[in-house]
């Protein structure tokens, strides 16, 4: 049989899947076509670089804004009624008056929208007119233009500390190593530098950049919003292709740092750039109360329909009682009277116009104002302020504050959320021997140091040296001198200020960034991501800058910029043992050994970390032996499964080393340490084998179709036959007050889940440390379940055991850990569940998902380990949809973004992992302990305030409208109003609008100290006790009772007298105001000076406006006018007696 090279098989397998017809973007240089018209240029179909984020033009503002506002059914409803009032046969009062309320609402909203859009327009203009340098063939140099002049195919030059104007493929840099450093803080909030490198073959050391000689074609993928992935190749005239990735793309909105200048060709411009495609605007979510409120508005519509139907039938019946038409009924122009049935039909619409206030038109505007006030007080809470970071809580979603008070499930990340994410190197195992480091600063272990010195003195090589060389070079740490940090080159103060202003504009523009959903959870990947290689599939953009300074000879210092705290801890440990990384370029990495000698390794390739392989490798050429060596680090399972001949009888020592190292790893995990394995390629890679493999990998790098799969196969092909070097254990301490916070959340009735990528042993140890699991808990463990049938059997057995120990029927399984809000725990143990990623995938399959969800319902705490970001978001969506519960997700890293966005409420922790989680969240905190106060205090307050305010709004409108309805029984259902129309409008717009808004912002039903000491009070919001259907109907019945009292006591008082219609209605209007205001006063639990001012001020405004209106309105509504009515009433003692007696009787049930 003929042997076939596996690399050939790989190449042939990929060729079958290659689809050359897939749409891609082809970019050529604009320079040869500079003199042609725009329609004749090859890149004409691509978008320009000018952006426009404002929605309106000056001429289109009014029609477009009205069109958008009429998407709200309430606005259509009120405009329709106002238009209906212009129909003579059904109008209830002056047509112009009916337009006033809705016009005020529409005008206020239009002013707000117009101001916001104008600010966006100013931002666009500032960005579009920012200066930049574009190469001109006529002048044969870079000339200053504006951002809006940049086009795809142009060559753009960016100086140090300047903002990048478009997405540029890097072709030249002033750095001799062909690299450019880029700061992405404007884009994703991260301050660590990202390294970009020139496309291979397009930069010659010491030679100036000559764009006019560029005759290649750039082929890349179509625009997308993935900030971590970019695929394409450069095709030369001889058809040779050179692949590139995200490591060669300068992103619009980022800033060039530590590089004099960089230049390249524009591939995406304007709205097609990755930063603009990620600008999705502010997040909008509908809160639970808002959804319930919309249903209650429909109930009010139904109630209004029946009231109008009664009015229509009553009017028709009343007309039938006359044998001849009375003189006050006016015939039409022909002298004919309208038939009673038709008159009743008309009256139905007239009654709708009269009673339209039944639907609270100002409720939606009031809710927006209340939520703005609530957000202000949340952000001003000093208890949520972090002095160390100088940050306060951020509220990024403006309309779900009340949802903070109804959370039932909390899903939390571990690393950086529950823990500090400040790593300390604690233990290591080298060749099966374990060494401990107890100090917070790495102090070399004496025995380990002796082994290193022995190998250095004798053979200059060995596993101990390889172990520390792997620690020093198998990472993504960048090296620069301290003086070069954020250097500012040839930039004057004015230019710098301009760049900072543009940066502020870009930060305001960019509201959201997306993380790659296929990258692994940062819990197991922080230590091994590469940001400076082209095959960055699945790469995670990691966060904040961590620096470790290393003293060199003389006074020179270098600064390490590690993209994760794991890498900082590892490189610090290597330095402590004398292995100091001195320099890193795309092609070389230099390490100083303990004997001060320098080793300069040639970097042949870097295989980045991904969530499938769970390891990172670096392939180098040894400077002395010229051998090709591969160092690898990764999760223990990813390394152990690829060791060469470990478990054969021929290699006893390697087998013993693997067994001892695995035992040490298990011990590290039980102690809660984060573990990594280090290995070296056991077989020397031949030059011929490497060249063949490299050719296949370059072909994969040049691919656009199935690029990730092809890169994965090349990595798996060469990552084999490892020799195990050792393992490390890194400590990540719990944050302050994490156990207390989790216990408080559990007492509040919330089920807490922790989703982590760590080993099960590490995760379980942390779970017990943070009180997620208690030692008396009944914990079910689903780990390493291989077959789905076995998983199904385990689920059935577990559910059977639970059902046998179930509470009696009627008990609430969800909160069964407490018999009531204030009694102690029941005898039944709380249930915990531990499950790993592979088993979780099986449990969430269609066949087992119902049983898995049933089991989760019984668990007070769930720990998911070895899970990917996609699994995190899938779990949140599953529980949210299947159990119909309110969910909250909290995380700190870019890989938590999917989970945060999948939950009802997303919380970002702005700690060591940068700002991507924060920018994707609804609320941002700095410490996990702040979650306790945010939910138990502010969540409870916001929910109870808004729930009570919404109920009060419905009550207020129904109580007032019913006054007009009861009067219809005494006026022949003729839709006559005994209250002046203007005063009716003022009543809801001015007299009674401020108190409920103040109530919704400032009410404190229970003090914060009580809410923190009794977390059980939080369950009121979980069970929607503040806003239930029964609560709504009780408020409606209360409104009906109060309206009856407010109408009939004045009616019986003035019955038989000769007072006019408005003199009869004025006491009712006044009594209604007193009743509605005092009703709210009874609801208020915490009075302040603001409460007194607004409550008393509303009453004073009523009397002042009414007195002034009565004095000046001589003939406003002929033939009956309100002139001097209020003055006469206030001179009558009976008026005061009616007001006092009616108000007391109306409020007696309260």
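A Cβ is built for glycine as well, from the same backbone N, Cα and C atoms used for every other residue.
When the ranges 297-318, 319-340, 385-406 are checked against TrEMBL, the one recorded as transmembrane segment is 297-318. Cβ-based neighbour count (10 Å, all protein chains) for residue 757 (ATP binding site) stands at 30.
Of the two recorded stretches, the transmembrane segment (1089-1110) does not lie close to the transmembrane segment (343-365), with fewer than three CB pairs under 8 Å once pairs fewer than 6 apart in sequence are set aside. Here the candidates are the binding-site residues 609, 674, 866, 892, and by Cα distance the one nearest residue 413 (active site, 4-aspartylphosphate intermediate) turns out to be 892. Contact count against the transmembrane segment (1130-1148) (Cβ pairs under 8 Å) is highest for 1059-1082, out of 297-318, 343-365, 967-991, 1059-1082.
The shortest Cα-Cα distance between residue 896 (Mg(2+) binding site) and any of the binding-site residues 609, 757, 866 is the one to 757. Put simply, residue 415 (Mg(2+) binding site) is 9 Å from residue 757 (ATP binding site) when counted between their Cα atoms. Beyond the ends of the transmembrane segment (1059-1082), by six or more residues, the same chain brings 952, 955-956, 959-960, 963, 967, 976-980, 983, 987, 991-992, 995-996, 999, 1042-1043, 1045-1047, 1049-1051, 1053, 1095, 1098-1099, 1102, 1106, 1120-1122, 1125-1126, 1128-1129, 1135, 1138-1139, 1142-1143, 1146-1147, 1150 to within a C-beta distance below 8 angstroms of the stretch. Sorting the domain 'P-type ATPase N-terminal' (40-97) by DSSP state (H, G, I as helix; E, B as strand; all else coil) yields 25 helix, 0 strand, 33 coil. Sorted by the number of other CB atoms within 10 A, the recorded positions 413, 892, 896 start with 413, the lowest.
Neighbours of residue 866 (ATP binding site), defined as other CB atoms within 10 A of its CB across all chains, total 26. When the Cα atoms are compared, residue 866 (ATP binding site) and residue 415 (Mg(2+) binding site) turn out to be 13 Å apart. Separation of the C-alpha atoms of residue 674 (ATP binding site) and residue 892 (Mg(2+) binding site): 17 Å, rounded to the nearest whole number.
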